[in-house]
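In what follows, a single structure is set out as structure tokens and then discussed.
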Amino acid sequence: MSDTVLAPAAAEPKKKTLRWGDGLSLRWRKHAGILGALALFLVLYLFYQMSHPRGFTGQILIQNANEVFALALVSMAQTVPVLMAGLDLSVGAVMTLVGCIASHLVDGSPTDIALGIVACIAAGATCGFVNGCVVVYGRIQPIIATLATSAIYMGLALILRPTPGGKVQEDLSWAVASDVHEFAATFGLFDDGEATWLQPFAWIPVPLVLLALIILVIWVPFTRSVMGRTVYAIGSSETAAYMSGLPINRAKLAAFTLAGLFAGLGGLFLALQTSSGNADIPQAGAYTLNSIAAVVIGGTSLLGGTGSAIGSMIGAMVLRTISFNFRIFDVAPLLQPLFEGLVLLAAVSIGGLKLLRLKNRLEIFR
Amino acid sequence: MSRRVNATTALWGLRLDPDDKPVAFAVGFVMLILLIGTGYTLYTQGSAPLLQPQYLLQQLQVGSFLGIVAAGLMLVILLGHIDLSVPWTLTAAAMIATAVGGPWAIPAGIGVGLVVGMVNGLGVAYLRVPSMIFTLGMNAVMRGLMVAHTGGFAPQTAATDLMQYLAVARIGDMIPAALLVWLAVSVAVVAILTRTTLGRSIYAIGNRERAAYLSGIDTNRVILVTFALSGAAAGLAGVLLAGYSTKAYQGMGDAYLLPAIAAVVIGGTNILGGRGRYLGTLVGVILIVLLNSVLSIMQMLEAGRQIIYGCVIISMLLVYGRGARVTG
């Protein structure tokens, strides 16, 4: 965005370098949150890999990617309403509901499976759309509206799966939770995964490929669309967005639908990975709360207007890597929640340091 | 607070203040729940247990724990913040109270809540971390501390006699002591909100913190005190709940956060702060408690409960909790 804003300045050669420097610092500030989270993740993950007794292996990477995927998608889901200064407390419930649906539908012939997957994705998007309708047409605060709908979705999930169970097709379950080579081999693609051009990518875990695909195919186009820009604008100032003639209501509907879609994809993967559905209320709650933490660690402001789902994905990776490190260092399982909480508090309190730089005390108030 | 006389609405010949509307509707809905529940029991059992004072008092006794949590939470919500640390503040207070025992059990429990609340307040007010995330982190920290303290098991220590008395005793074989504690908390909250500068400051900050600061309110201190009060209320609820079940156990507070938020919001308090009356929260708690008891009389499964619960919150808010249309 900074490019377009600064483009006219290029006409004046003398100021060009100065402006370019300005653009760089603007760009740096814009992405500081994500870069910070990325640095934190890299440090933590390198530390984890270096201290791992078996060293770096593809198997560990696959296992880590599998554990990250669902939380990453739920966090990306949470990001969209947060960008509008809202909050979606139903992401965990939507994930659970779609997981329960998947445990019923994703089995049988290839056509059945394909239809089942489409139904799951549609179910997630529908849940999000319902949230959007309650928020837009009911004019109820997002946090409360989604608190209520999350209860409804959990109820539906409990009807579908009163006890944990179900089944998804085994090949698919195995393929999405392994690396690219195995994926191709399972479905007989690219000479059973032996094609020469595929070899450089063969080690990449499928979940990471899926994450990259989702970001490239859904998230990036969304942020560049009018809807996406409107979502950011609503977060900065809803009144200003309205006065600029932006389609506020449609953008809100789109944002919540997208959140439902992401959360549903997370649930679908969780069902594929665990090969079952489980309407676990505490688990859904934990995913929702962790998603908020991941969003904040990923540099998205809870006040709306700035941030990105990519940051939240990295935030989710940071959260998960912290638990990986616990495993390596034999931190007593009993102490893990304490450390998780302390790390979260420390991470968000660092943001408090910026108060020291404020020249005008009034700026600290919203 | 912002009583707009010119904006009163006429309803059944009554003139209703906008702030009274949620209260009136919630009371009406409580009556509706009682009516439906009584109709159900008359049809299936031929009796009307819901209308017996003894039964209602027992429900209120169970509801008083939720009521005390909601009272504290309402103060924080009026500020425009939220306290997600309630579950483990409550549990920690219960565990510490039973562990300390003796005459200092109750002060220790409430003290734990007070300290957690103060840390929350420090983070939210002085570090300016969004309350949503800071209290979430405190919840995790308290959970971690308590799991480490108990080894992950239910502590073996029992609640003291006084804690059990406050939670289960009946004054004159009729009025539950817990109900009286809830009443005392309620009176205190009403007094704070309507009779003290602290209360006025809470509403002022909830409306616009910048304006409150410019009119000379030490907003950071008010936020700190309010979070401390909310923590103390959660602590008191934990102490009583430990007395009710004679011991503390893991996850005892998990069932209290979301119903408390729902009760506050159903009672007409604006989730963004600055607006709401305590009477509404009181009725909201009664509504949630009665809804739960009617659903359990109907032997509704958990799935049905969740769905009805969600539908009730949405439909109540559709009636009176709608925000203003953005018009520039």
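Including glycine, each Cβ sits where the backbone N, Cα and C put it.
It should be emphasised that the depicted structure is a prediction, and the values quoted were computed from it without experimental measurement.
What TrEMBL says about this protein:
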- B:23-43: transmembrane segment (TRANSMEM)
- B:64-84: transmembrane segment (TRANSMEM)
- B:104-126: transmembrane segment (TRANSMEM)
- B:133-154: transmembrane segment (TRANSMEM)
- B:174-193: transmembrane segment (TRANSMEM)
- B:222-244: transmembrane segment (TRANSMEM)
- B:256-272: transmembrane segment (TRANSMEM)
- B:279-301: transmembrane segment (TRANSMEM)
- B:307-324: transmembrane segment (TRANSMEM)
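Of the ranges B:64-84, B:104-126, B:133-154, B:174-193, B:256-272, the one with the most Cβ pairs under 8 Å to the transmembrane segment (B:23-43) is B:256-272. The transmembrane segment (B:307-324) makes contact with the transmembrane segment (B:256-272), as judged by at least three Cβ pairs under 8 Å among residues 6 or more apart in sequence. Here the transmembrane segment (B:279-301) sits against the transmembrane segment (B:64-84); at least 3 CB pairs are under 8 Å, leaving out pairs fewer than 6 apart in sequence.
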